[in-house]
Amino acid sequence: MTTQVKKICCLGAGYVGGPTCAVIAYKCHDIDVTIVDLNESRIAAWNSDHLPIYEPGLDKIVFERRGKNLFFTTQVEQSVLEADLIFVSVNTPTKKSGLGAGFAADLAYVESATRQIADVAKSSKIVVEKSTVPCRTAESMRTILEANSNENIRFDILSNPEFLAEGTAINDLLNPDRVLIGGLQTPEGMKAQQALVEVYAHWVPTDRIITTNLWSSELSKLAANALLAQRISSINALSAICEATGADIDEVAYACGRDTRIGPKFLKASVGFGGSCFQKDILNLVYLSEQLNLPEVAAYWKQVVDLNEYQKKRFVSRVIKTLFNTITNKKIAIFGFAFKKDTGDTRESAAITLCKDFIQENAKVRIYDPKVTTEQIFLDLSEPGVVDNTKQLKNRVTIAKSAYEASEDADAIVITTEWDEFKVSIELDYQKIYDQMHKPAFIFDGRLILDAEKLRNIGFRVHTIGRAEA
Ligand SMILES: NC(=O)c1ccc[n+]([C@@H]2O[C@H](COP(=O)([O-])OP(=O)(O)OC[C@H]3O[C@@H](n4cnc5c(N)ncnc54)[C@H](O)[C@@H]3O)[C@@H](O)[C@H]2O)c1
Ligand SMILES: O=c1ccn([C@@H]2O[C@H](COP(=O)(O)OP(=O)(O)O[C@H]3O[C@H](CO)[C@@H](O)[C@H](O)[C@H]3O)[C@@H](O)[C@H]2O)c(=O)[nH]1
């Protein structure tokens with residue numbers, strides 16, 4: 001007989017814990033789901049009308065289940081005590097100092113969450129590693145938990161990595177390509193695995209629920225992100241060749257993607273991938289490879305990140321070169337600051353690197369993003385611990401409330417995020433924008449979203465990633 005899960009607790013109310021467990025509550029009315037976090041303001045926001053993260057469709061789900069079978073609280077102990085199954089969905093950032101700094105994942109939050117469970121639990125629990133972690137982290141969690149178990153309490157560890165992408169999280173959670181559940185291949189481990197399978201089976205077809213051993217599950221998460229990011233770096237590497245030869249990267253991507261063995265997704269050239277996961281997880285894989293004494297494997301994956309940095313620098317150079325080799329005191333309108341459309345998240349956004357480089361070149365940067373707050377932008381551009389650049393930022397950076405405001409008197413527009421509202425045919429009146437800009441008026445499309453021909457007819461000088469200058 002399998003254990004039936006009745007109460008779930010999730011440690012970590014972030015971009016993953018919040019949406020994932022809200023969807024579980026939405027789809028499983030027979031399960032009580034409590035999401036806990038140490039961060040009081042984050043929990044207060046989850047309990048308010050303004051959720052702490054922007055994600056299309058999330059509000060509806062939270063508002064429908066909150067107070068019924070979905071709860072947000074800072075009361076970690078109580079929630080852990082009551083739960084039969086606990087998701088650990090805390091942050092695992094790249095280590096900033098110590099052994100493996102700059103590469104390895106910082107597992108301090110995972111360990112402290114695990115110890116909290118061990119300290120508080122008075123009955124058996126299934127503990128699910130939801131955070132993205134290096135291979136064999138579950139073993140450390142198990143060691144800590146087992147050292148605290150006795151004949152009345154047992155802990156079973158599962159790995160259930162999350163594959164949602166921001167901006168489409170709710171759809172990804174409601175219709176996942178697959179759900180992956182790793183467990184120890186012992187009778188108890190498989191029983192725990194089955195209990196979690198039954199939770200997802202409330203809405204996910206069972207042929208999409210994959211069960212594997214623990215280590216395959218952990219490694220598959222890093223592998224999936226590495227493979228996805230590798231495609232973007234591959235297409236971005238080709239975009240440099242396109243710019244030099246007259247080939248068009250969108251045409252090349254389309255032609256290659258029509259081969260069913262290659263497929264069309266994740267072949268959009270860009271100013272470089274951002275987000276909290278790709279870089280972190282690949283560096284994590286690089287570190288793991290080095291630790292396993294596999295330097296060639298480490299170098300192979302590291303190149304995916306190096307190419308991404310190169311792509312950002314290459315784009316900055318193109319902007320400067322085109323603007324007559326100097327951008328000192330020129331006004332550059334930045335369209336978009338989030339790492340992709342439909343999110344307010346700026347973690348590792350390419351826009352941050354680009355803006356910092358433009359500021360270093362003494363340009364005046366005017367930023368507009370429909371979802372990112374002014375405070376967040378200044379936080380991302382400040383360099384605490386390196387230099388105090390507050391004064392420089394005040395002189396060089398302003399935030400606009402619209403694309404029109406950002407481009408007033410600008411010398412150039414740089415498209416950094418592919419928000420739909422920047423597309424020519426949808427909302428923006430580019431003639432109006434052109435009329436208010438300095439001439440010649442330049443547009444640099446770092447996302448391949450603009451109709452270059454239409455813009456050239458207005459009078460713009462258009463430069464697009466992956467296309468030669470017209
Ligand atoms: N963001 C994504 O799209 C995404 C997708 C898949 C996987 N992941 C992985 O999921 C994990 C979480 O990512 P995120 O983006 O949700 O991070 P996040 O920073 O948004 O959220 C993590 C939360 O955990 C809380 N926390 C830390 N220690 C805690 C503890 N002991 N008890 C309770 N709460 C605690 C933090 O206060 C924070 O609010 C990471 O490992 C990440 O790599 C993220
Ligand atoms: O063809 C493409 C696709 C994406 N990107 C960029 O790549 C970054 C990441 O995009 P995306 O993968 O859509 O968003 P994330 O939310 O970072 O999701 C990734 O990272 C998550 C965290 O691990 C995983 O769960 C998801 O499966 C994985 O797609 C963004 O800057 C995108 O603009 C491109 O430049 N070209």
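Every residue gets a Cβ built from N, Cα and C, even glycine.
Taken straight from TrEMBL:
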| type | residues | note |
| --- | --- | --- |
| ACT_SITE | C277 | active site, nucleophile |
| BINDING | 12-17, D37, R42, 90-94, 131-132, E166, 277-280, R347 | NAD(+) binding site |
| BINDING | 162-166, 221-225, R261, 268-274, 339-340, R447 | substrate binding site |
| DOMAIN | 333-452 | domain 'UDP-glucose/GDP-mannose dehydrogenase C-terminal' |
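Checking each of the binding-site residues Y15, D37, T94, E166, Q279 against G272 (substrate binding site) by C-alpha distance, the shortest gap belongs to Q279. Sorted by the number of other CB atoms within 10 A, the recorded positions A165, L222, A269, C277 start with A165, the lowest.
Under the DSSP three-state reduction, T94 (NAD(+) binding site) is assigned to strand. Highlighted here are the recorded positions (Y15, C277, F339) whose C-beta falls below 6 Å from ligand 1: Y15, C277, in sequence order. Comparing the binding-site residues G12, G272 by how many other C-beta atoms lie within 10 angstroms of each C-beta, the top residue is G272. For the pair formed by A269 (substrate binding site) and D37 (NAD(+) binding site), distance between Cα atoms is given as 37 Å, rounded to the nearest Å.
Y15 (NAD(+) binding site) sits 14 Å from F339 (substrate binding site), counting Cα to Cα. Close to ligand 2, meaning a Cβ under 6 Å from one of its atoms, are these of the recorded positions A165, E166, N225, G272, C277, F339: A165, E166, N225, C277, F339. N225 (substrate binding site) sits 8 Å from the residue listed as 'active site, nucleophile', taking the C-alpha atoms as the reference points. A Cα-Cα distance of 18 Å separates D37 (NAD(+) binding site) from E162 (substrate binding site).
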